[in-house]
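I have placed the structure first, in the form of structure tokens, so that the comments after it can refer back to it.
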Amino acid sequence: MDAKIMITSPTTWPSPAKLNLFLYINGRTDNGYHELQTLFQFLDHGDQLTITVNDSGHITLTPDIVDLPVEQNLIWKAANALKKKTGCTLGANIHLNKILPMGGGIGGGSSNAATALVALNFLWQLGLSDDELADIGLKLGADVPVFVRGHAAFAEGVGEKLTPAQPEEKWYLVVRPDVHIATVDIFTHPDLTRNTPKRSLETLLDSEYGNDCEKIVRMIHPKVDKQLSWLLQYAPSRLTGTGSCVFAEFNSRSEAESILAQLSDNVSAFVAQGRNISPLKETLADYLSAQNRPI
């Protein structure tokens, strides 16, 4: 991109949620990490980052998040990791419109980090490839590369082997029970299934989807168990990741919204459609197209 047309006005970027449509644990590596097979799909629902580039050399992030110092925020970490990698001397003001629940298993923090990397790579005109951005992202979190690449993906190994996938783009009712689940507590639980046989993506896509973490989470957290039991009355429903969010799948928006309407007002929930191309990827394409438009 020509530096003479650097965008200095605010730009807004989506930071979409994701679901693990299935999650199977196949074993452990020699260094203790769990080997798994999982299918990521994005949702057309999520946070937003509004970014204004400047020449201050500093990253500012608003608003403040309770109990999360800015230096620990993945957005701030991503922006500064990008500066360190490239030697970029520019800065940015980043405003986060936080919609997704924190710690819900739908990728909020990882998605935020990926959006910061993709957006600032464009706005600062750095020219890094998806592979280079994904490498930076992997140091911030295992799920960040999926969001950077922007395609629904089948993940294997410890999550680092990604194969683009095309699952059906269904409608989902996503519900967040009011509990905090520490991923480490689930993956270290003695009763966690760790020996599910590996299967090909084709076989998995044609099979009933499941989540090996779900049994443990339901056992430890009655609120999750109660919410899943309720959803299962209406549609196929599962845990995403290690939770706490659970989701039910439907063939239409109207079906999902009719069940959403039956939830009490104090339950955190939303309806969204699965997307195999991330809204972030689509927004980047729009900005790139606008830059190439004849003036």
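Here the Cβ of each residue, glycine as well, is placed from N, Cα and C on the backbone.
Annotation comment: Swiss-Prot describes Lys18, Asp143 as active site. For Pro101, Met102, Gly103, Gly104, Gly105, Ile106, Gly107, Gly108, Gly109, Ser110, Ser111, the entry in Swiss-Prot reads ATP binding site.
Overlay of Swiss-Prot feature records on the structure.
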| residue | record | DSSP class |
| --- | --- | --- |
| Lys18 | active site | strand |
| Pro101 | ATP binding site | coil |
| Gly107 | ATP binding site | coil |
| Asp143 | active site | coil |
Entry from the binding-site residues list Pro101, Gly103, Gly107 having the most other CB atoms no farther than 10 A
Gly107
8 Å Cβ shell about Pro101, Met102, Gly103, Gly104, Gly105, Ile106, Gly107, Gly108, Gly109, Ser110, Ser111 centroid, ATP site members excluded:
Ala17, Leu100
Rounding to whole Å, the Cα atoms of Gly109 (ATP binding site) and Asp143 (active site) are apart by 9
